[in-house]
């Protein structure tokens with residue numbers, strides 16, 4: 001949620017800041033703004049321009065302004081305190097307009113700080129919590145912005161990444177990180193700060209990762225990092241090999257469609273180097289074989305789409321590894337006083353690596369003696385520095401807010417992890433493991449086959465685009481597919497959709513069934529196939545339209561349903577990946593037909609960095 005870009009260097013910064021914010025649109029926002037020092041020709045001081053709505057609106061406000069400064073900060077805001085408006089948008093200034101700030105996060109004690117500052121004569125112009133920051137710095141400033149910011153942030157409770165510039169210090173930015181992502185970019189013509197790496201890929205591949213509780217000074221010559229006591233911290237930079245084109249649309253109408261079609265490549269990359277002779281090698285994750293053999297219980301913590309990936313992980317870990325596994329919503333985990341010890345493995349799944357609730361669950365688990373394995377897509381994200389073991393999904397940048405390729409890559413990593421642990425614990429025979437791996441190695445090809453023919457999916461989207469409700473049903477491995485299909489539809493098309501275990505339907509949801517409520521039935525070949533057919537017959541008896549997801553060669557299913565999205569033949573456990581792709585496309589086509597912004601759905605954000 002929210003995006004930050006900042007620059008100090010030799011070049012005019014307006015375009016650098018604006019383009020950086022464009023590359024952060026996937027994070028979700030409702031307003032945007034820039035602050036540039038000595039911004040307009042003939043005008044001294046800090047010039048701030050901000051607008052409610054899209055970056056297009058900000059671009060129109062900037063048109064013809066020709067900001068000429070070489071020190072600036074930019075921000076996209078996702079409202080938490082105060083309605084979306086130009087007044088509440090960042091950057092914010094102090095009373096004297098000498099200090100400008102952008103902030104991602106929440107200041108929990110802002111009300112008491114605001115009252116104190118008002119009593120001291122400060123004037124506030126917004127409803128935001130962030131505005132206390134420049135006024136605090138104004139109070140403490142005695143010629144050193146770094147020192148003043150350190151004193152200011154020591155007064156706040158909450159979370160956030162903060163970047164300041166000062167009219168009297170035209171050659172440096174100062175920043176602070178606490179539980180919200182922040183990176184330094186090192187360029188040839190200047191240096192940068194941003195909330196995420198893609199914002200800066202057009203300028204540099206060299207980054208310094210900022211940790212919680214650290215203060216950063218960035219000048220045109222370099223960057224320095226300090227702890228809260230002012231002690232300098234030495235840290236090496238990292239090289240990021242993402243290509244900037246991977247953060248562009250590459251001819252597709254939307255990022256989401258591009259990313260759906262990138263799934264075969266993402267899956268192949270996730271497998272690459274981890275499989276040899278049909279055997280899994282995950283020594284990279286950093287957890288010893290001895291520890292994996294001692295684990296007697298697994299907890300999985302995740303949110304949203306990652307939670308659905310966790311449902312798949314739970315099933316394969318129990319089925320293949322025979323370890324009792326529980327799945328938890330991250331936001332509930334630490335409040336449930338989970339029972340943990342040194343033989344509990346906690347698996348934290350987060351696409352961004354920045355999900356606040358999942359990071360809190362990680363800290364809860366480690367604080368109680370458990371080891372934590374993180375599964376994420378983002379190198380250098382917060383979770384990578386807080387876990388004992390780590391597996392990357394290697395899906396590449398995902399710009400669309402609604403997850404697609406990162407979901408299927410998470411599932412593939414879960415398969416690999418379960419097979420690896422099954423081998424180490426002798427839970428499956430070598431023959432069974434080899435057979436599973438042979439099929440798994442074809443998953444990328446299967447995803448490509450599903451994407452070759454989308455006509456039936458588009459036809460159904462055209463037919464049912466204006467239906468007010470949808471019901472998605474599944475059993476065992478089909479259930480997370482149903483839940484994810486329902487989530488995708490509601491996320492990007494704003495259509496009410498519910499996902500249920502098919503056996504649960506008779507306990508309430510069946511009351512909703514009528515001709516205007518299509519039912520999507522995930523009907524995978526396996527032990528519960530006949531039960532799914534029975535559920536389909538029940539909804540057909542109530543005049544529902546039924547769309548099925550089923551395997552090629554299933555001639556029976558067509559006799560009972562109105563439409564079928566066919567997927568390649570593969571065993572039930574591995575069907576999740578090919579089965580979810582038609583539902584991603586269905587949600588996409590419905591949303592496009594309804595005129596929705598599929599890449600930036602309303603009220604949503606790519607990285608949920610507040611509780």
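All positions are counted from 1 along the displayed chain.
Including glycine, each Cβ sits where the backbone N, Cα and C put it.
Nobody curates TrEMBL annotations by hand; they come from automatic prediction.
Summarising the annotation, TrEMBL assigns domain 'Glutamine amidotransferase type-2' to 2-221.
Packing around residue 2 (active site, nucleophile) is summarised by its Cβ count: 29 other Cβ atoms lie within 10 angstroms of its Cβ, all protein chains included. A coil conformation is recorded for residue 2 (active site, nucleophile) in the three-state DSSP classification, outside any helix or strand. The active site, nucleophile annotation in TrEMBL covers 2.
The feature domain 'SIS' is assigned by TrEMBL to 287-427 (among others).
Taking the domain 'SIS' (460-601) as a whole, pLDDT averages 94 in the prediction. Annotation comment: TrEMBL describes 460-601 (among others) as domain 'SIS'.
Taken from TrEMBL, the feature active site, for Fru-6P isomerization activity covers 606.
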DSSP composition of the domain 'SIS' (460-601), residue counts helix/strand/coil, works out to 68 helix, 27 strand, 47 coil
With DSSP, how much of the domain 'SIS' (287-427) is helix, how much strand and how much coil, in residues? 67 helix, 28 strand, 46 coil
